[in-house]
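Per Swiss-Prot, signal peptide is recorded for 1-24, and the stated evidence type is experimental evidence. Residues or ranges marked as disulfide bond by Swiss-Prot on the basis of similarity to another entry: CYS40-CYS63, CYS41-CYS60. Under the heading N-linked glycosylation site, Swiss-Prot lists ASN48, citing sequence analysis as support.
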Amino acid sequence: MRLLVLSSLLCILLLCFSIFSTEGKRRPAKAWSGRRTRLCCHRVPSPNSTNLKGHHVRLCKPCKLEPEPRLWVVPGALPQV
């Protein structure tokens, strides 16, 4: 009897934890598979930024074209009127 009560309480606790840990988090933006993203590369000015052959290293990352204002929506919340 005690084992049944403890196991059901544990299941309820794990269920609540899994729901509340993901609620309100932003979903990562999906990468566009059909489009190639342009890379923005910057030369690193420090002397320690050379590779073994002596060539300068560039820091490259995807360019941000236009920052979109995203609304943060809590899943399951009712709209405010």
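In case you wondered, yes, glycine gets a Cβ from its N, Cα and C as well.
Note that the structure is predicted; figures quoted are calculated from it, not measured.
The Cβ neighbour count for CYS63 (disulfide bond), using a 10 Å radius over every protein chain in view, is 10. Secondary structure at CYS63 (disulfide bond), as computed by DSSP, is coil. A gap of 9 Å separates the Cα atoms of CYS41 (disulfide bond) and CYS63 (disulfide bond). CYS40 (disulfide bond) is surrounded by 12 other CB atoms, counting those within 10 A of its CB over all protein chains shown. The CA atom of CYS40 (disulfide bond) is located 5 Å away from the CA atom of CYS60 (disulfide bond). Classification of CYS41 (disulfide bond) by DSSP places it within a strand.
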